[in-house]
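Following: one structure in structure tokens, then a few remarks.
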Amino acid sequence: MESTLKEITSNGDSVLDMKDKCGVGGGVEDMYGEDRATEDQPITPWTFSVASGYSLLRDPHYNKGLAFTEAERDAHYLRGLLPPTVLSQELQEKRMIHNLRQYQVPLQRYMAMMDLQERNERLFYKLLIDHVEELLPIVYTPTVGEACQKYGSIFRRPQGLFISLKEKGKILEVLKNWPEKSIQVIVVTDGERILGLGDLGCQGMGIPVGKLSLYTALGGVRPSVCLPITIDVGTNNQQLLDNEFYIGLKQKRATGQEYAELLDEFMSAVKQNYGEKVLIQFEDFANHNAFDLLAKYRTTHLVFNDDIQGTASVVLAGLIASLKLLGGTLADHTFLFLGAGEAGTGIAELIALEITKRTSVPLEEARKKIWLVDSKGLVVSSRLESLQHFKKPWAHDHEPVKELIDAVKAIKPTVLIGTSGVGKTFTKEVVETMASLNPKPLIMALSNPTSQAECTAEEAYTWSKGHAIFASGSPFDPFEYEGRTFVSGQANNAYIFPGFGLGIIMSGTIRVHDDMLLAASEALAAQVTEEDYLKGRIYPPFTNIRKISAHIAAEVAAKAYELGLATRLPRPTNLEKYAESCMYTPVYRTYR
């Protein structure tokens, strides 16, 4: 027996004599010297390609936790690796939502949800879909804002790709490091303008991760084709630069040619690696880059800026829906914006395009119904020379006005829209003036997160004595005023971009056209019911969001086919049914 053992050891020694020579106990030789190597001695990180039960439990794509059946446990070497109980996905979901509700702090719920996503992908999406109204504020705004602020401290494992200035000249190689090879949607940020929180640098990764989880949960886009990316060019946030736990480049932001060259290399590499039909969604870029990037790449790539175009589309949907309460057409109303950045000007332009489409008046004429207030006051023609290029179309003839309240009194708007990123700017005087000018003023406080909202639902309803129609960017609880319960609408981009993206993917669209955004707005507005209007809502509830997304996807795809931008031929007969058939469902699969 001893001689046989000697023949199969590496040096002819008996296993009985190897006790002192092994790097680990139990008679297993440390073949690669991993356990004996010091920190300075490099080793090769060997892995095994054959799947075992243990690795299956650690693969979030296939792991089912306690839902593995008795037969699956035998077939996949799981015996003993799990407790004996078999739990259905429904019971797992029930247990998980119960556990989440025990946490008092929203960030703890966020972290628990991210842990679940990394552990059991299908259960994560099942939970999010079935409890969408409860969990959307956790995985998305407003909690994702706090998560980004603290991302360095809560970072556990990468959920997307980090491309920094260090990777310049090697971005194509970096893209190839991502394990999934067939990518259809990329959400990318450079972290310079995260929600209303400013420059969070590399920690902005929470935004692409959150957005893409909604692409899957709300739009049915498969998680394996989604890729979150953060481009790290540094940060001008001194607190982050001084923070020892900051995970990004510790340098001031690169600008000018250096920035442009990195972005250009990135866009070229994406197209080279994933093809013409990968949708690139720009997210939370600062104004000075957002407009330029969209203008530069919209004719050569399939690009979409959610802050400019997604926000515009969802707000326009609310405006179209609100006409049933306000009366008249869009062209009959006057719009005043507080905030003239990418969101404000993007919404304004889409409103003007919709007015033009409905009335055939020239675009320049339609723009005259829309007024903007920025940090220096009303945007007027006498300021033309000093205005950024994206504000110039909105500089109308009017004497200068400094304060918002004076602009409200001078312009007499029927609709007041806040995209300033500054909280508490719709004061009691502003709301009362809007109510004195209009029987039903429409007030949209769109800035995120909740702390940055221009006013709360309670303030809007109270100060207008219950006459206001109110919508916000972040969610507010229902509010009772003089015996009537108001349920405010949430002008949340999550209504639009998941369905919009699904429509683009399923039709093989190669470019985004403004008419597709208008189609998405009209499709969403059509989903608002009489019951919603009675509660004061101008958006449908999120509980039906997957059906809404399928409807939006069908309308977007139809417009793409009409414009000749769709490449998936022949066109399906029933686009809505086709959209539903394309949607990912997160129920567990049976393994053989």
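Placement of Cβ uses the backbone N, Cα and C atoms for every residue, glycine included.
So that you can see what the record holds, here are the features copied from TrEMBL:
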type	residues	note
ACT_SITE	Tyr140	active site, proton donor
ACT_SITE	Lys211	active site, proton acceptor
BINDING	Arg193, Asn448, Asn492	(S)-malate binding site
BINDING	Glu283, Asp284, Asp307	divalent metal cation binding site
DOMAIN	117-298	domain 'Malic enzyme N-terminal'
DOMAIN	308-561	domain 'Malic enzyme NAD-binding'
Candidate with sparsest Cβ neighbourhood (10 Å radius) among Arg193, Lys211, the listed recorded positions: Arg193
Neighbours of Glu283, Asp284, Asp307 excl. site residues, C-beta within 8 Å of centre, divalent metal cation: Thr189, Arg193, Ile194, Ile207, Phe282, Phe285, Ala290, Asn305, Asp306
Nearest of the recorded positions (Tyr140, Lys211, Glu283, Asp284, Asp307) to Arg193 ((S)-malate binding site) - Cα to Cα: Asp284
Rounded inter-Cα distance in Å - Asp307 (divalent metal cation binding site), Asn492 ((S)-malate binding site): 11
Of Lys211, Glu283, Asp284, i.e. the recorded positions, those within 10 Å of the residue listed as 'active site, proton donor' when Cα atoms are compared: Lys211
Listed recorded positions among Lys211, Asn448, Asn492 whose Cα sits within 10 Å of Glu283 (divalent metal cation binding site): Lys211
Set of same-chain residues at least 6 away whose C-beta sits under 8 angstroms from Asn448 ((S)-malate binding site): Thr141, Pro142, Gly145, Leu195, Gly196, Gly473, Ser474
Asn492 ((S)-malate binding site) versus Asp284 (divalent metal cation binding site) - Cα distance in angstrom: 15
